[in-house]
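Copied over from TrEMBL:
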{"type": "BINDING", "residues": "HIS103, HIS204", "note": "heme b b562 binding site"}
{"type": "BINDING", "residues": "HIS117, HIS218", "note": "heme b b566 binding site"}
{"type": "BINDING", "residues": "HIS223", "note": "ubiquinone binding site"}
{"type": "DOMAIN", "residues": "20-231", "note": "domain 'Cytochrome b/b6 N-terminal region profile'"}
{"type": "DOMAIN", "residues": "234-404", "note": "domain 'Cytochrome b/b6 C-terminal region profile'"}
{"type": "TRANSMEM", "residues": "50-73", "note": "transmembrane segment"}
{"type": "TRANSMEM", "residues": "101-121", "note": "transmembrane segment"}
{"type": "TRANSMEM", "residues": "133-155", "note": "transmembrane segment"}
{"type": "TRANSMEM", "residues": "201-224", "note": "transmembrane segment"}
{"type": "TRANSMEM", "residues": "245-270", "note": "transmembrane segment"}
{"type": "TRANSMEM", "residues": "312-331", "note": "transmembrane segment"}
{"type": "TRANSMEM", "residues": "343-363", "note": "transmembrane segment"}
{"type": "TRANSMEM", "residues": "369-393", "note": "transmembrane segment"}
Amino acid sequence: MTQSDPANKATPAAPAMTGLAGWIEARLPVISAFRAEYIDFRLPRNLNGLWNFGAILTVVLLLMLATGIFLAMNYTPTNAGAFLSVEAIDRQLAGGWLLRAMHMTGANLFLAALYVHLFRGLYYGSYKAPRELLWLSGLVLLVMVMATAFAGYMLPWGQMSYWGADVITKAVGAIPGIGPSLEHIMAGGDHLGDVFLHRFFVLHFLLAFLVVGVVGLHVTIVHVNGSNNPLGIEPRTPRDTVPFYPYYISKDLVGLIVFAMVFAALMFFWPNVLIEADNYTPADPMHTPADIEPEWYFLPFYGLLQSVPSKFGGLLASAASLLILFALPWLDRSPVRSMRFRPLCRIGLFGLVAAFILLAAAGKHHAQGGWLIVARLAGIYYFGYFLVLLPLVSRKEKTRPLPSSIAAAQGEH
Ligand code: HEM
């Protein structure tokens, strides 16, 4: 459904504006634009709870910026000061513990919500025409958010920050030819310290605001193309759609309240579920922790990294696992979007989720012993899904018949 489609035309024209609103509107029609995009904007009537995650991500992003700005005011990006300044935020700054808890819980739940949001796109085929650019803008966001999260994790300068930085800079150093120079540039010298921290602090801060800009683009693209829906068919008549206000504003609000409850429960009752205890020990280059592992959201990529015998090969495999998502709109040849109507690919997609989780488990166990075999098989399946199942098998797949319209699928004739 696009703005010009008949499915968008069921809402009566807005009354003319008077007073200050009329004055502003005559000069800059922002009020009518807001009304068109966030009040009258029509969406398919059958969106399920998975469509709440875009709004959830937007709100958590704002929370991350708000808390991040206050944390930055009290943070010192130096080798000697970083850990102490974070401790001081936690223990001495009024409300500092809450700021930091919100920022850390927010980072974890942001990544969790991002994976759900991405899975929704994979399941309902939201990457297919005409939403390819929407999908690509989402992937740019994914890469940017991952880089922001990684840079942020360095800042407390605990043991995991330091040794995580050590693993990644050395992995970059393994790139043939330019690797050692890149490693030197990334580390900011021969050892990780003041320069590295200062750069990563700036990078973390800067990327977070760039993400906001790209989100603006992403949401604009959603509004140009209209939302996909669980059936994966385009709305045909106004009966297939409902306006954003009041239907989806209230639905998004319910989703946000449930999410806020999970957020608060994790933050107040289980603050250490998602956080590595080793990072409460200051960085010590002379003492390697028994277990160096990244945050849970990077574990699948870490599993893949370790499943390949050469360091550079592992880096390539990890990077390829992300890059392949960019080609997805052109790899999947099926004319049907939603997995609801694609029985074989649907099983394949659940297999992909299982492979992703198994890679994470293997990463957690350093891909040693039996886990190495698990990681390799899961890695092969992961790439097989995109390179074999979707392009080749899905062409021959017998899909289930699509309903004639969204309203008809809901029993309205
Ligand atoms: C900072 C991160 C992100 C934010 C704030 C964000 C925000 C949003 C919002 C507000 C919507 C509209 C509501 C909805 O459909 O849920 C949306 C839709 C969408 N997003 Fe994102 N998004 C982000 C990252 C991503 C990523 C990583 C992808 C995947 C590659 C992605 C793919 C999509 C797609 C395909 C849609 C349209 C879905 C449909 O209509 O079926 N987004 N996003």
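Just so you know, glycine gets a Cβ as well, placed from its N, Cα and C.
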Does any of HIS103, HIS117, HIS204, HIS223 have a Cβ within less than 6 Å of an atom of ligand 1? These are the binding-site residues; tell me which, or none. HIS117
Spatially, which candidate from the binding-site residues HIS117, HIS218, HIS223 is nearest to HIS204 (heme b b562 binding site), comparing Cα atoms? HIS218
For the residue listed as 'ubiquinone binding site' and HIS117 (heme b b566 binding site), what Cα-Cα distance in Å is obtained after rounding to a whole number? 17
Is the transmembrane segment (201-224) packed against any residues at least 6 beyond its ends, judged by a Cβ distance under 8 Å, and which are they? 2-3, 37, 41, 54, 57-58, 61, 64-65, 68, 72, 75, 77, 131, 133-134, 137-138, 140-141, 144-145, 147-148, 151-152, 154-155
I need to check the long-range neighbours of the transmembrane segment (133-155): which residues 6 or more away from its ends have a CB within less than 8 Å of a CB in the stretch? 75, 77, 82, 86, 107, 110-111, 114, 117-118, 121, 126-127, 161, 164-165, 168, 196-197, 200-201, 203-204, 207-208, 210-211, 214-215, 217-218, 221-222, 225, 294-295, 297-298, 322, 325-326, 328-329
Return the residues near HIS218 (heme b b566 binding site), defined as same-chain residues 6+ apart in sequence whose C-beta is under 8 angstroms from its C-beta, sorted by sequence, else 'none'. LEU134, SER137, GLY138, LEU141
Measuring Cα to Cα, tell me the gap between HIS103 (heme b b562 binding site) and HIS117 (heme b b566 binding site) in whole angstrom. 20
What's the most sparsely packed of the binding-site residues HIS103, HIS117, HIS204, HIS223, counting other C-beta atoms within 10 A? HIS223
Sequence-remote contacts (6 or more beyond its ends) of the transmembrane segment (101-121), Cβ cut-off under 8 Å? 50-51, 53-54, 56-57, 60-61, 63-64, 67-68, 71, 127, 135, 138, 142, 145, 149, 152, 259, 262-263, 266-267, 271, 274-275, 295-297, 353
